[in-house]
Amino acid sequence: MSTTICQVMGFIVSSLGVAGCIVSTAMDMWSTQDLYDNPVTAVFQYQGLWRSCIRQSSGFTECRPYFTILGLPAMFQAVRALMIVGIVLGILGLLVCIFALKCIRIGNMEDSAKANMTLTSGIMFIVAGLCAITGVSVFANMLVTNFWMSTANMYQGMQNIQNRYTFGSALFVGWVAGGLALVGGIMMCLACRGLIPEESRYKAVSYNASGRNISYRTGPYKVGSGYEPETKTRKGAGYEEAARSEDGRRSYPSKYDYV
């Protein structure tokens with residue numbers, strides 16, 4: 001029962017993590033404009049992985065997608081790739097995990113096959129969670145670097161500087177989603193051990209005689225010294241094999257031997 005609970009809980013937690021990765025990737029608030037020095041503004045800007053948006057004070061919001069790929073920074077494209085890989089692995093892990101659940105029977109699938117599928121889905125969830133956490137962390141590092149560069153330029157008296165951006169809500173969603181996928185994958189890997197049958201862990205080979213159920217017993221083997229006399233008897237009509245005497249002469253049977 002504990003194995004089934006661990007497997008189901010791992011599936012639920014991993015599903016929440018994969019859903020969170022999808023939501024985080026689709027959100028536009030990966031970076032938001034820093035309003036620390038200017039809390040009252042007519043325009044509020046925020047950016048995501050796929051488009052940048054501007055929200056005016058009147059409530060009107062205009063979003064513009066990125067029409068170029070080569071013009072974007074390399075780290076930005078790496079974050080996109082990591083999030084997409086994490087989502088794909090997470091979805092594949094969910095499909096495999098559905099068929100691997102112990103409470104679902106599909107044909108005559110053995111527990112060993114379910115254990116292998118559970119382990120595979122767990123590894124997929126772990127890799128998906130690591131991809132999501134890595135992608136979000138790389139984007140956060142980019143924001144921190146640009147923020148302090150903009151702050152340094154501001155204190156140097158440069159007027160024509162770009163707006164400073166800080167962490168958006170999508171980053172926190174991505175971190176939580178990656179952590180959930182990672183924890184769910186670990187739970188699936190732990191549930192895999194409980195699904196392996198005990199008789200398959202220590203395999204023993206037994207040989208049975210074909211046909212009848214005959215049991216063979218091995219007795220002690222008697223080793224000869226090589227000096228024991230070997231007697232041979234032949235049944236015949238009054239005939240016995242001639243035996244050699246001690247001095248090497250051959251002795252023939254007498255007439256009394258036939259009585």
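Residue positions begin at 1 at the first shown residue.
Using the three backbone atoms N, Cα and C, a Cβ is placed for every residue, glycine included.
Going by TrEMBL, these are the annotated features:
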TRANSMEM  7-27  transmembrane segment
TRANSMEM  81-101  transmembrane segment
TRANSMEM  122-149  transmembrane segment
TRANSMEM  169-196  transmembrane segment
REGION    219-259  region 'Disordered'
COMPBIAS  229-250  compositional bias 'Basic and acidic residues'
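Using a Cβ-Cβ cut-off under 8 Å and counting only residues 6 or more beyond its ends in the same chain, the transmembrane segment (7-27) has close neighbours at 48-50, 83-84, 86-87, 90-91, 93-94, 97-98, 100-103, 118, 121-122, 125, 128-129, 132, 136, 168-171, 173-174, 176-188, 190-191, 195. Distant neighbours of the transmembrane segment (122-149): 10, 14, 17-18, 21, 24, 30-31, 34, 73, 75-76, 78-80, 82-83, 85-87, 89-90, 92-93, 96-97, 164-167, 171, 174-175, 177-189, 191-192; these residues of the same chain sit at least 6 beyond its ends, with a Cβ under 8 Å from one of its Cβ atoms.
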